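Student: Found this in TrEMBL, in case it helps:
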BINDING   105  NADPH binding site
BINDING   190  L-homoserine binding site
ACT_SITE  205  active site, proton donor
DOMAIN    351-428  domain 'ACT'
Ligand code: NAP
Ligand code: HSE
């Protein structure tokens, strides 16, 4: 059996999963790849930290030079996260003809071009299956198995942490903070969970997926983003009354050659397959013009699911019999130029929750603002008085399909009414038409 030496950069949640899989599935990996994979070095920040896995201490190092200067190390696995020094270490490793596997969506989405070009120019492989949707083989699915299709739409629940939080708020009555704490304990959240809860992580992932699915370069800043921090239990309860579920949904649609790209909390019908994706599970729903509707489903975060994607990337390098002088230089994400639409141009239904003064005529004032902006209301619900203030009531409005621009301008005017205390939330409704 041939041996190959690899190095891990990072031994946190994902690094630990990679280590465990390489050990527990050693035989499967040997038979499938033709190699015995030997972890020769592991880069960490703190040599004394408890690692919760049986890693020989002598493998750990805080010195990247021990990896870069060892020519016997052929593959470097970057599971440390962040931009620097991950970017610098990957570029340096490529320069030394080491193949790369990474799970780092932030780096890929914001600086991927430089890395892809360097990989091509150095003739090394650069695999990143774990960067989107954890254990789901979505990158290979799009890159290899869907190439016969023109993708029309893609919808994804692609952040495990926020999906876990929303699930726990809905079914276990946990507060947002309690559910986030649990997601961190389970190893789902990013080192800084702001990335999860404010939607940045999904924004990076959607930029990566859309670049591949639509064969174009998507800049992160072209993906509209909102997180879930404004979602309250009451919104989840109202959603249930409307037979809907709230998900942090990543959406890309092509309309007449123009892409609409957005990540935001969304109410979706209870009977859509994406509504039944709970906990840390992720799913990506794709409509291709040949294949029709397709859904990928699985664990989107956590040590072993993510480790599964990382290790399969290692195996795929070992199975490729790569000829470093003869790499296929096709860059897969710059085949077409596409126009990117603004969020103001989208059309959607909207759920709007407001706190207003409890007196006759208030509803009329609000509905006449919407009427003036051509926004038609599908339903209006007013339930009881605010517990803290007898003069306040909660009003919930649902609109028919309307342009976002009209909603934004209506809300601007409604905010100025003396009878309106607060716009508590505005959630888009997706019906997958
Ligand atoms: P983590 O638990 O925070 O682990 C990061 C590891 O990298 C730690 O071992 C840390 O060392 C090491 N590290 C960080 N900066 C370093 C530096 N400057 N020098 C040396 N070592 C450094 O992170 P994670 O959850 O495993 O995530 C790692 C990557 O995978 C991120 O890009 C993340 O977005 C991505 N990802 C995570 C998941 C998931 O479910 N967690 C899923 C898919 C993708 P110490 O241990 O010594 O501090
Ligand atoms: N923090 C990420 C999530 C990890 O919760 O989905 C997987 O990319």
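Numbering starts at 1 and runs along the chain as it is shown here.
Positions of Cβ are set from backbone N, Cα and C atoms, glycine also.
TrEMBL labels come from automatic prediction, so no person has curated them.
Looking at the shown structure, what environment does each listed feature sit in?
Tutor: Here the Cβ of residue 105 (NADPH binding site) has 28 other Cβ atoms within 10 Å, regardless of which shown protein chain they belong to.
Long-range neighbours of residue 190 (L-homoserine binding site) (same chain, six or more residues apart, CB within less than 8 Å of its CB): 81, 161, 196, 201. Look at residue 190 (L-homoserine binding site): DSSP puts it in coil.
Non-local contacts of residue 205 (active site, proton donor) by the CB criterion (under 8 A, 6+ apart in sequence, same chain) comprise 105, 109, 131, 132, 133, 156, 158, 159, 250.
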Student: Would you mind giving the whole-number mean pLDDT across the domain 'ACT' (351-428)?
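Tutor: So the average pLDDT across the domain 'ACT' (351-428) works out to 93.
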